[in-house]
Amino acid sequence: MKALIILGLLCLSVAVQGKVFERCELARTLKELGLDGYKGVSLANWLCLTKWESSYNTKATNYNPGSESTDYGIFQINSKWWCNDGKTPNAVDGCHVSCSELMENNIAKAVACAKHIVSEQGITAWVAWKSHCRDHDVSSYVEGCSL
């Protein structure tokens, strides 16, 4: 019985943690999903962005008390403008997606929403990109990844 409880807790912690991608694994996945060069944004810039937004974690969340919104998933997509979490006041849902879908281990829906955002607002929509990636050499993010 004790072993079952421990096993259950371990499974729960894995479900809450989600998938944390390895850098090169994420690079390959983003490339397969068409982000390399999308709207002129290099794969290295996408990796830099996701490193600083979520540390490559699909289940990352960040609550923003000022706007009463939450950022979700590997790209930290905001519930005020881009996804529906059912609790953010006056949400727009620009990507027409549930915020929980942006935290799935399969990041296809998150990538589709990121493409929509970068198409409308450019990569500067992400504060972490402006703070940590813009005007920096980001080539190290794809270095050694055999793409």
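Placement of Cβ uses the backbone N, Cα and C atoms for every residue, glycine included.
Residues annotated as active site in Swiss-Prot: Glu53, Asp71. According to Swiss-Prot, the disulfide bond annotation covers Cys24-Cys145, Cys48-Cys133, Cys83-Cys99, Cys95-Cys113, on the basis of sequence analysis. Taken from Swiss-Prot, the feature domain 'C-type lysozyme' applies to 19-147, supported by sequence analysis. Annotated signal peptide per Swiss-Prot: 1-18, in sequence order.
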PLDDT averaged over every residue in the domain 'C-type lysozyme' (19-147): 98
Residues of the domain 'C-type lysozyme' (19-147) by DSSP state, where helix covers H, G and I: 56 helix, 14 strand, 59 coil
Most crowded position, judged by CB atoms within 10 A, among Cys95, Cys145 as disulfide-bonded residues: Cys95
Neighbours of Cys95 (disulfide bond) among the disulfide-bonded residues Cys48, Cys133, Cys145 (Cα to Cα, within 10 Å): none
Inter-residue Cα distance where the pair is Cys133 (disulfide bond) and Cys24 (disulfide bond), in Å: 18
Spatial neighbour of Cys99 (disulfide bond) that is closest, considering only the recorded positions Cys48, Glu53, Cys133, Cys145 and their CA atoms: Glu53
Pairwise Cα distance for Cys113 (disulfide bond)/Cys145 (disulfide bond) [Å, integer]: 25
Rounded inter-Cα distance in Å - Cys145 (disulfide bond), Cys48 (disulfide bond): 14
Neighbouring C-beta atoms (10 Å sphere around the C-beta of Cys48 (disulfide bond)): 25
Alpha-carbon spacing, Asp71 (active site) to Cys83 (disulfide bond), which is rounded to whole Å: 9
